[in-house]
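Copied from Swiss-Prot, the annotated features are:
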- 21-223: domain 'AIG1-type G' (DOMAIN)
- GLY30, ARG31, SER32, VAL33, ASN34, GLY35, ILE36, CYS37, THR38, SER51, ASN183: GTP binding site (BINDING)
Amino acid sequence: MGTSVSKPVSDDKKKGTSVSKPVKNIVLVGRSVNGICTTGNNILGQNKFGSEGAFMHCQMYSTTTPDGQMINVIKTPGMFDLSVSEDYISKEIINCLTLAEEGVHAVLFVLSMKNRITQEEEYALNTLQRIFGSKILEYLIFLLIDGEKFEAKEFEDYFPECCPEFLMRVLRFCNGRKVLFNNMTNDEGVKAEQVNQVMAHVAAISKKNDEKPYTEDMYRNIKVNTFFSLIAFI
């Protein structure tokens, strides 16, 4: 399979919107490409992701929040699909990090609450760590979609009961960073509040990491260190 990088010019740049804050690059990952696209569109406030032929490639679109925060939203393909080759995944990871020129400020792991969380999600999380290194967990936020039937408080009571131990372990490491994200709502206030919750977590991650994003150099160092570790083991 060939790879391509889609980097459209944002509508905000076209309009000449003044941006008063440093750009934040957020990457959407998960098992369901449809879920990733819908979530990305809701963060953008526009239907941008999901165009024909784009599902298997990284794409980036931009938006600016009312308070002047520019956000680059990067959609990844279904990188945790067992039918996708390791070589293809590696190339798309590089494409993703190329799009995030200043580095990745947060990784949003999109999880559907429609069905029981299974070993396939565990495999996806393990794949994420194997590709990016355990350092990526410091930038991880869980977006829990398809939970429209829940109110926030009700969900907080329900979630520990349905959450498997592997996910609880990762959540503890991530300081419990999760957002119940309603992709079906037409309420603009709810939409704005969801994005605000996500960006509050992004700000907390940046503060904890001394404003240092995850960069392509970090990724390449992880690959080099892994290689030499394997050589030493042999």
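Placement of Cβ uses the backbone N, Cα and C atoms for every residue, glycine included.
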Which secondary structure state does DSSP assign to SER32 (GTP binding site), in the simple three-class scheme? coil
Checking the binding-site residues GLY30, ILE36, THR38 for other Cβ atoms within 10 Å of each Cβ, the smallest tally belongs to THR38
Per-region confidence, the domain 'AIG1-type G' (21-223) (mean pLDDT, whole number): 87
Out of SER32, ASN34, ASN183, the listed binding-site residues, fewest other Cβ atoms within 10 Å surround the Cβ of ASN34
